[in-house]
Structures are given as structure tokens and as C-alpha cells.
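Below is one structure, written out as C-alpha cells; comments come after it.
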Amino acid sequence: MEIKTARRGPQGKESSVFDRLGAGRGGHLNNSSNKICKFWLSGRCLKNPCRKSESDLEDIKKKSPESVSESSSECSVVENDSNLENVVEEKPLEHVPKKTAERVCEFWVQGTCVYGDQCPYLHSWFRGDKFKRLAELQGHNKAVNGIALPLRCNKLCSGSSDGTIRLWDCHTGQCANVINLGGEVGSVCSEGPWLFVGMPNVVKVWNTESGAEYSLNGPVGQVNALESVNDLLFAGVEDGVILAWKGTCESNLTFQLAVTLKGHTHGITSLVVGGGNRLYSGSKDHTIRVWDHENWQCIVTLNGHDDVVKSLMCWDKYLFSGSLDCTIKVWASTDDGSLEVIYTHSEEQGILALSGMTDPDVKPILYCSCSDKSVHLYELPTFTDRGRVFAKQEVQTIQIGPAGLFFTGDQTGLLTVYTWLAD
């Protein structure tokens, strides 16, 4: 099943999860009442520090995590007695909150969480039992806006708002080369050994085998989306125009501007080529336009979204669109050849990027990056939850690799490698 995901550009601080109390772990403070916390005696007190007077208990209630129930602050106490057998039998730790699978503990990220396994938040960058996190590739200092894997190159290419392209060795994970471009990289894609990079007012082109380099002029503004198919290269620009170049090999390989497609009233955010000579474009004007890339005509304009269309993906005979209106829409052809929405999936946050692949059981998996700094994994066609991937900032781009690999790039500049696990 062939999956085509749009290549798109960048997206335009959250308060801490909760405030921790001070003092050392399991600290026992002097108290004139000489009362001892029975949970502290057994090494299971979760309050840090533990208070024993009624006024101190009230203070803890004000500082506790909102997810921890009020009863958790009511730490039982017994009178100080040298004979610990007199301690009243303890009740189960029913006040310990259930672990939530939807948020990473910010104190764990900083290495300061004192709750350990009892923390109600995740101490992991992903949730799911069929895939794992392989590596972090650090080097970019601004958002990663594009990832590509040119054929026969043995390099992973990433482009960033920091104005650089980084080439990563696929065997060692080390950065093999840094290309300073002097301008923000808005999008990246590859076709065969060719690497295409969208920048302000230009598209840079490299052949990773021969080393040949070209500059394609014509765009006015930032190139936010790139898509290539056969001998055609499409570039979606901030001014709402789509440019198409055709590669020719009459003597030396050259790229000739073939056509300029106009119709969108705001910037292009996403491009993808589907079956039947169709080019789909998503825009900040909230619409999707369908173009015939043989006669260069706009066939239809789709108006299903109420906000910016951030990502497009063609999968089999369906078109998936993700928008900042918090919905993913699935479009299918009708008998008369037009497109209609056959399903709408809603999220709590805006959609930033879509991608897809099959897992080791050949089940179709949709990746959906949301503005809550996570990537949701769904099994299609039912949108069954298969896990989540978390990041420190929003994930701007997702790239599918070979042999079950997939890659994410976030706004901090971090590139992360994941892999599916075979049974």
C-alpha cells in the first residue's frame, strides 16, 4: 500500500506540570507533638516533607499536584513510641493517584522527580508496547522542518530554521556534515539521489551521488512545502503560489520552470501527489485545491476545514487532511469524480503533521502530530489508539524510514529515531 505524505514547513511554553515541595526525600522534621508518620516508618510516605500538624497538612494541600486527591495529603500519624509494634495497622495506599499515560513528568525530564514509580506522570518519552526509541540526534538549535532519506546515500538529511542542513550517518548516528545555507530551511524532500531544500525565494538542489548543485529561482517568500514525482518538482510558497519545475537531461541535467499555479489566497502549507495525475495543496486560506498536473488546471476546491490546513497525505485511494481546527478528515472519490468527507476524527489540539506506514503485522498506522507536543499513533481504519510519542516542543515533521524506522523533528531542533518491534 503506497503512502504519500505532504512535505510541509514550520509552525508558528507551557507552565510546569506542578510545583514540587522542598526538603529531602523521606525527611522527618522536628515537631513538638512528637508524632510520627506511620507511612514514613514503613518507607512509603509520599509527602516531601511530611507535615504532622493540622496547619501543615493544610499547607501541603495547597501545594500538592492537582491530580493527587485531597485524601493523599491526609497522612496518618501515630504517637512516638519506641515499640514500633504498637503502630496501628496501615491501610493500602489507596490515596496514590493512578498513573496518567498522557503527560511526561517535567521533574523527571529535569532529573529531580522524587516520586519514582509512584509518580502519576510518565517517566518515558513514549507510550506503547510495539515500538521503542532508538536514538536522539542533537545538533540543530532551532525547529526541524524537514527530513529526507535520499536513495543510495546512506545519510539521513534534516533541515532546520537555524539555516543548516545536517547529514547524519545512518550506521553511527553521528553528524557527518553540516551545510550552512544562510537562510531558514522551510521544507525538505528527496527523489532518488536528489535532495531538494526550500528556503526564502529559492529552492536548493543537490545530487548526493555526483555532488551537482543547483539553485531554482522564482519563489517569492519562504518555500514551505515541496513535493516531487518522476521528473517534476513542486514548491508551495508563502505568497500562495505553487511553482513546478521539469527536469531535463538533454545534455546536462537542468530544471526548467514549467508552470506557476495560482488560486490560493494565502500561503501554501502542504503539497502531496496522489493517483490519477493529481496534486493536492493545503493552505492557510483553510482550503485544499486539487490540480491536474498534466494540464495544470485546478479541478476542485475543498472547503471542509475551519482553520489552516497543515498536512496532507494520500493513502491508497483516500486523502487525509489535518488542520489547526483539531480535525483529521478522510476524503474519498464519489461516482462523479469529486471528493467528499467520509470520516472526521477530532483531537483536543490542532493537527501539525500527518504520516503513515504499516507495522510489523502489516496493520496501517497513522501518525498524527498535535500542538500538545505529542504524536498520536492510530491503527486504521478504526483510529484505535496504538500509543503516543512525546517531545519537549511541538513535532513539526515526521518521516518514514526503511525496516520499521520512523523519525520525528521538533521545535527544539531534536531529531528522534524510533523503530517498530517484530514479535
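Even glycines carry a Cβ here, placed using N, Cα and C.
What TrEMBL says about a protein is an automatic prediction, not a curated fact.
The following features are taken from TrEMBL:
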- 1-24: region 'Disordered' (REGION)
- 56-78: region 'Disordered' (REGION)
- 56-65: compositional bias 'Basic and acidic residues' (COMPBIAS)
- 66-78: compositional bias 'Low complexity' (COMPBIAS)
- 99-126: domain 'C3H1-type' (DOMAIN)
- 99-126: zinc finger (ZN_FING)
- 137-178: repeat 'WD' (REPEAT)
- 261-301: repeat 'WD' (REPEAT)
- 302-331: repeat 'WD' (REPEAT)
Tell me the residue counts in helix, strand and coil for the repeat 'WD' (137-178), as DSSP assigns them. 0 helix, 22 strand, 20 coil
For the domain 'C3H1-type' (99-126), what's the model's average pLDDT? 84
Grab the same-chain neighbours of the repeat 'WD' (302-331) for me: Cβ-Cβ under 8 Å, and only residues 6 or more beyond its ends, written as numbers and ranges. 1-6, 8, 11, 269-275, 280-284, 286-290, 339-356, 364, 366, 368, 371, 380
Sequence-distant contacts of the repeat 'WD' (137-178), meaning Cβ under 8 Å and at least 6 residues beyond its ends, amount to 7, 9-11, 184-190, 192-195, 197-198, 208-209, 226, 393, 396-399, 401-402, 407, 409-417
For the repeat 'WD' (302-331), jot down how many residues DSSP puts in helix, in strand and in coil. 0 helix, 19 strand, 11 coil
The zinc finger (99-126): DSSP-derived helix, strand, coil residue counts: 7 helix, 3 strand, 18 coil
Residue counts for the repeat 'WD' (261-301) under DSSP, helix then strand then coil, are 0 helix, 24 strand, 17 coil
